[in-house]
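Q: First the structure, which I've put down as structure tokens, then a few questions once you've had a look.
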Ligand SMILES: Nc1ncnc2c1ncn2[C@@H]1O[C@H](COP(=O)(O)OP(=O)(O)OP(=O)(O)O)[C@@H](O)[C@H]1O
Ligand SMILES: O=P(O)(O)O[C@H]1[C@H](OP(=O)(O)O)[C@@H](OP(=O)(O)O)[C@@H](O)[C@@H](O)[C@@H]1OP(=O)(O)O
Ligand SMILES: [Mg+2]
Ligand SMILES: [Mg+2]
């Protein structure tokens with residue numbers, strides 16, 4: 001039975017995201033807590049729709065950003081999850097990871113950072129040895145832009161300097177770090193943090209790097225590959241990893257990083273990929289941060305997300321009732337969402 005009407009969330013998502021995220025199980029649980037979901041009609045201006053208490057979105061482009069601005073001007077009390085300016089930082093693989101160096105986290109046993117990386121904007125720099133002299137091969141070449149397009153996920157494991165001329169800048173060259181073939185994906189939903197294990201690229205030994213038949217290996221979204229894809233890979237490069245044997249990073253450490261990133265990024269909905277450097281065993285490297293990832297892959301995602309949306313609505317009501325007593329600026333309102 002519906003307890004109390006908390007509010008309406010307008011969602012603006014690409015069809016694939018809508019299909020995976022907006023499930024009946026989420027809608028009914030949210031409804032039982034007084035939260036209703038309404039699809040934003042992409043054929044009409046956002047500001048002419050609603051009213052919504054909250055807009056949940058993962059769309060790209062200037063037109064969408066303009067629509068959000070117009071909506072916010074018309075409904076200054078509505079909550080936009082998340083702010084397009086904050087999301088934009090994740091659309092560039094350099095600014096995305098710069099935030100890691102801003103974190104001030106002390107841990108007695110574990111350390112963290114990012115792999116060594118450089119950015120290459122043009123072909124000329126790509127073939128200039130000075131540019132990548134300091135990098136140790138193999139490296140992973142990643143498109144600089146991470147805008148959700150299929151192209152932005154196309155990576156290459158590059159074994160030799162000679163292979164660099166096959167790449168198309170702008171790219172980031174990041175040192176490949178052996179990590180036992182397992183990646184940790186940390187899902188953040190407001191204050192909630194959940195870490196899961198996924199398959200990753202297998203380690204590359206020095207002999208293997210010397211013996212490869214190709215000096216460049218292309219791949220895309222490895223952690224989403226089904227296990228049988230990996231096993232059937234014709235040259236046997238991928239193999240089934242024993243995820244169960246891999247120890248998880250300490251919970252408290254992961255939560256501290258997640259909360260630090262959330263504050264620094266001013267985002268509520270994201271995940272980040274972490275690998276454990278096989279050379280040390282207590283050193284963790286953050287390699288990727290994604291806005292509004294595939295939460296539906298998280299067991300029990302409905303309860304976690306519902307709890308979060310209820311909190312957002314309750315905080316909004318709280319801010320509004322405070323506003324009756326004193327003036328609260330829009331910035332302060334946003335701040336209050338960041339617990
Ligand atoms: N520096 C690295 N060292 C070792 N493996 C890496 C490194 N960077 C990336 N990988 C591997 O390559 C995969 C893809 O890299 P990354 O996560 O940056 O790409 P993405 O396309 O943004 O991924 P996602 O689908 O999570 O958005 C990782 O999941 C991991 O398996
Ligand atoms: O679609 P999936 O469920 O695989 O979710 C993936 C999501 O795609 P979607 O937003 O189109 O859904 C990706 O977003 P873009 O970089 O392409 O913007 C990125 O966030 C991945 O990291 C997510 O995979 P996960 O990290 O959760 O495994
Ligand atoms: Mg990733
Ligand atoms: Mg990514």
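Note that Cβ sites are derived from N, Cα and C of the backbone, with glycine treated the same way.
The shown structure was predicted, so the numbers you read here are calculated from the model rather than taken from an experiment.
So TrEMBL lists these for the protein:
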- 17, 58, 153, 185, 290, 294: 1D-myo-inositol 1,3,4-trisphosphate binding site (BINDING)
- 93, 142, 174-185, 200: ATP binding site (BINDING)
- 273, 288: Mg(2+) 1 binding site (BINDING)
- 288, 290: Mg(2+) 2 binding site (BINDING)
- 8-87: domain 'Inositol-tetrakisphosphate 1-kinase N-terminal' (DOMAIN)
- 108-310: domain 'Inositol 1,3,4-trisphosphate 5/6-kinase ATP-grasp' (DOMAIN)
Q: Anything within 10 Å of residue 273 (Mg(2+) 1 binding site)? Look among the binding-site residues 58, 153, 184, 185, 290, 294, comparing CA atoms, and list what you find.
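A: If one measures from the Cα of residue 273 (Mg(2+) 1 binding site), the binding-site residues that come within 10 Å are 184, 185, 290.
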Q: List, in sequence order, the same-chain residues at least six positions removed whose CB sits under 8 Å from that of residue 17 (1D-myo-inositol 1,3,4-trisphosphate binding site)?
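A: Once residues fewer than 6 apart are set aside, residue 17 (1D-myo-inositol 1,3,4-trisphosphate binding site) is near 58, 292.
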Q: Counting Cβ atoms within 10 Å across all protein chains shown, which of the binding-site residues 273, 288 comes out on top?
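A: Of 273, 288, the one with the most crowded Cβ is 288.
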Q: Taking the Cα of residue 93 (ATP binding site) as the centre, which of the binding-site residues listed as 153, 185, 288, 294 lie within 10 Å of it?
A: 288
Q: Distance between residue 176 (ATP binding site) and residue 288 (Mg(2+) 1 binding site) at the Cα atoms, whole Å?
A: 13
Q: Where the distance is taken from Cα to Cα, which of the binding-site residues 153, 288, 290, 294 turns out closest to residue 180 (ATP binding site)?
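A: Going through 153, 288, 290, 294 one by one, the closest to residue 180 (ATP binding site) is 288.
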Q: Which of these binding-site residues is closest to residue 182 (ATP binding site) if you go by CA atoms: 153, 288, 290?
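A: Going through 153, 288, 290 one by one, the Cα closest to that of residue 182 (ATP binding site) is 288.
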Q: Between the binding-site residues 185, 288, 290, 294, which lies closest to residue 174 (ATP binding site), Cα to Cα?
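A: Smallest Cα separation from residue 174 (ATP binding site) among 185, 288, 290, 294: 288.
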Q: Enumerate same-chain residues with a sequence separation of six or more from residue 290 (1D-myo-inositol 1,3,4-trisphosphate binding site) and a Cβ-Cβ distance below 8 A; give 'none' if the list is empty.
A: 90, 146, 270, 271, 272, 273
Q: Where does residue 294 (1D-myo-inositol 1,3,4-trisphosphate binding site) sit in DSSP terms: helix, strand, or coil?
A: coil
